[in-house]
């Protein structure tokens, strides 16, 4: 949609939601809402609950700017509802959102496309796992299949720590991942209009870039752009775009990597609805690597809003 067309519409900023990342979503949505209103758009907040269809109709929402994180927002469910209601929306479509949210399926897609991922084992509720027997050894990373912002994630350094880590992860999902721990630098790639904008390195104060480090000032250092050999920097940008394409993402995303001392790049995940808070990484990459300020970034994402399902009957 064009800027002029969007100025005549009512934009609902979808935020909050039902996931464990509700508070982060409210922060992202609040920042986006302020940016849109400052640019003269008729934008209103929509706190997403199970009455979302009724709210969208009652508020006469024409376009949805999705600022949801986690389940029931980042996983294709809301995207499917918007497709059914014929409301154009920002970000990736139903399938790409669902694939990216499910770390197990996403890893299978990445591996099929030749992208490097850490060795892993899927553990389902009621099963046990021995990292030594799997060839991983310790430490390992234990994480739920379908949560974001490091919710339910643990770094396990010994057999004694494994049961509590599994118990924590199973609070959030019936399927979890046990991955070989890769020691390396955390590099994240920002994607806008399906092209890599640049990279950022995260150096957490503590050992692990956890939920607190992601959303608390002073808990992590951001280095943008990261200090990398030129060839490695180019490779990360290219692999970031490749991961975005592999899942069929559209518009924007953030792609997370671990880079070892030897220059190996391990793809961790693709975030189809990255945070848009004051401490979020995508806005920082946009500004420092591409000279795109926050309001411009929000507007460019808005302009990309569309229905992804094409064909007869779509959006009618």
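For all residues, glycine too, the Cβ spot is worked out from N, Cα and C.
Annotated features, as they stand in Swiss-Prot:
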- 107-303: domain 'ATP-grasp' (DOMAIN)
- 133-188: ATP binding site (BINDING)
- 256, 269: Mg(2+) 1 binding site (BINDING)
- 269, 271: Mg(2+) 2 binding site (BINDING)
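Each of the binding-site residues 161, 175, 269 was scored by the number of other CB atoms within 10 Å of its CB, and the largest score is that of 269. Under the DSSP three-state reduction, residue 182 (ATP binding site) is assigned to coil, being neither helix nor strand. Counting in whole angstrom, residue 256 (Mg(2+) 1 binding site) lies 18 from residue 140 (ATP binding site) by their C-alpha atoms. Residue 161 (ATP binding site) falls within a helical segment according to DSSP.
Residue 271 (Mg(2+) 2 binding site) sits 19 Å from residue 175 (ATP binding site), counting Cα to Cα. Residue environment of residue 271 (Mg(2+) 2 binding site) contains 23 other Cβ atoms, counted within 10 Å of its Cβ in all protein chains. With respect to Cβ neighbours within 10 Å, the binding-site residues 154, 182 differ, and 182 shows the lowest count.
In this structure, 168 is the one among the binding-site residues 140, 168 with the smallest number of other Cβ atoms inside 10 Å of its Cβ. The secondary structure of residue 168 (ATP binding site), as reduced to three states from DSSP, is helical.
The Cβ neighbour count for residue 256 (Mg(2+) 1 binding site), using a 10 Å radius and every protein chain shown, is 20. Taking the C-alpha positions, the distance from residue 168 (ATP binding site) to residue 269 (Mg(2+) 1 binding site) comes to 20 Å.
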